[in-house]
Amino acid sequence: MRKLSTGSGASKKHALRTNLLRRIGITKWLPHYTKLDFTADLVAGLTVGMMMIPQSIAYAGLASLPAQYGLYTAFVGSYVYVFFGSIKQVSIGPTSLLAMLSASYLRGYSADYYIFLSFLAGCVELTMGILNLGFLVDFISPAVSSGFSSAISITIVASQLNNLLGLSVKSHSFFELLTSTAKKITEVRVADTILGLSCIVFLFILKQLTKIKVRNPKIKKTLWFISISRNALIVVISSSIAFYYCKVEGDAPFKLSGDVPPGLPTLSFPKFSTTHNNETVSFIGMIHTLGSGILVIPICAILSNVAIAKSFTAGAIIDASQEMITLGICNIFGSCVQAIPSTGAFSRSAVSNASGVRTPLQGLYSGTVIILALSFLTPYFYFIPKATLAAILMSAVVTMIDYEILPVLWRTNKIDFFLAILTTNAGVIYGSDVGIIVGALFNLVVLLKEWSRPNIEIELRTMDCKSYVLVKPEFGLCYPARDYLTEKIIEAHNTYQNLPLVIDCANILKIDYAAATALQSVLESFNNENSKLILINLNARVLETMENLMKTEKMKYCQSNSNLRDDLFKAEASIETKIPLLDS
């Protein structure tokens, strides 16, 4: 017995060690790492790093925070994903989606709240990953996700109008923003407007360079590199212009980003209490301020990251729980270096994929680029025009307005079309957090309706000149559908009282207690009336459930259509096979 116990303990330790190693992604690919992998990852990492610098600064501004918080988020996410990530293309860092969502909850609050939100979001993501709750995100349909992304994109474009036009507008809603901007239209700064619009045009032109067909591979590679580096290139050019004006004229004609503290952030735990408007806010008070954002932010982060992973893995199986755990660790660690909530960004991941990335180690190199920028380039970040950052944001998110899906949804499923429109409108009018909640709730109502009112096929059939009524539910029966099923069975029985009733259970993979008791009541009612009710094609689970509720001799059932003709049929009628009887 002692030996058995020791062996059991050793096997448990081995299983625990195996499971832990499975969660540390670097252990899978690092032992086989080659020089070719190093070269490919270095190129991809440096390319993504150059792209992340202007993006991170812009996304920090979108979150109503100073530029350094976007850069802190960029490097810590890149580093952590190297060790725990499972998808080589994914680039973790600040995104327009989470920046805008965070700002919708915390605009006007200090950075302490954003950092605290990052910590809580990480805890939620980590918990969901450990408990394998990835299936929960499946309740948010593609239609709702599309509407949510469109709402976020429209809101971001509107929110950047003031920076693009050189205005100072404060607002808390989409229509208030448009109204305030319209009232201040006479205060538009010409220089900012010209610079912002010029940047948008140049960004669009540079994006098209990859579509130019050239035979020379060197020229093709050069055009590709210029195209994917367009954000950094525009920032360098516009900052150089601003720098020239400041040195020669004494002042720039554009609104500038301002000072960015040099160096790396200090390592510390996030603050669990802070001050706001000269008042001390407790842990509970901070929780109350964050509200539904504690759940909305991590769920949106998970949805975004899993969607990116699926788009780059060509149908391979995605370990959603692993991605949740990794995101959770990224955000928890990030909160210790003053980072805001982070997730994967599609644009950066696409560039990483196009750069020929081999492993998640590319994050080490892109993160190092950010650290070098924080260490040596922060004095120059002062000269980045706000209009340029607005142009970068608007150019990046306008492609996320998913208008192309609407005609497809209209042709295929009008309920999904309605859900997409509803989510978009709710998100734009009342806020993106309200949009995703409203969309998810209506999506759940649609699912509940299908569960409570499943399609039940009812038709008249004949077998060897013996007529019977076939009742065939579409899928599993649960308690919301019990009354509906009973009504349909009684309706069919009342219409043709002299004919046997056959319930085809082929599509019923499972049945819960409430639905089983409803079916039991119907069976007993038929027995009392000496009417025939036969169950056919029951699987083992359904049969076991029914047998546990009633005696087998009181339940007529057969396992296949071939055995059905051997059962009792008293009413005979020569009716054509499969004639529709009732409208299901």
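Glycine residues also receive a Cβ, built from the backbone N, Cα and C atoms like all the rest.
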Quick test of your reading of TrEMBL: among 189-210, 497-518, where does it put transmembrane segment?
189-210
Segment proximity, the transmembrane segment (222-245) to the transmembrane segment (69-93), 3 or more C-beta pairs under 8 Å:
no
Please work out whether the transmembrane segment (42-62) lies in contact with the transmembrane segment (222-245), by counting C-beta pairs under 8 angstroms that are 6 or more apart in sequence and asking whether there are at least 3.
yes
Does the transmembrane segment (189-210) reach the transmembrane segment (389-409) with at least 3 CB pairs under 8 A, where each pair is 6 or more residues apart?
yes
With Cβ distances under 8 Å as the criterion, find the stretch in 113-136, 222-245, 281-303, 324-344, 429-448 that has the most pairs with the transmembrane segment (389-409).
222-245
Report, as numbers and ranges, which residues of the same chain sit near the transmembrane segment (364-382): CB under 8 Å and 6 or more residues beyond its ends.
41-42, 44-46, 48-50, 52-53, 56-57, 67-68, 71-72, 74-79, 82, 91, 239, 243, 256-264
With DSSP helix as H/G/I and strand as E/B, how many residues of the domain 'STAS' (501-547) fall in helix, strand and coil?
24 helix, 9 strand, 14 coil
At a C-beta cut-off of under 8 Å, are there same-chain residues at least 6 beyond the transmembrane segment (324-344) that contact it? List them, or none.
23, 25, 60, 63, 65, 68-70, 72-73, 76-77, 80-81, 84-86, 90-95, 97-99, 101-102, 111, 114-119, 121-130, 133-134, 264-270, 297-298, 300-302, 304-305, 308-309
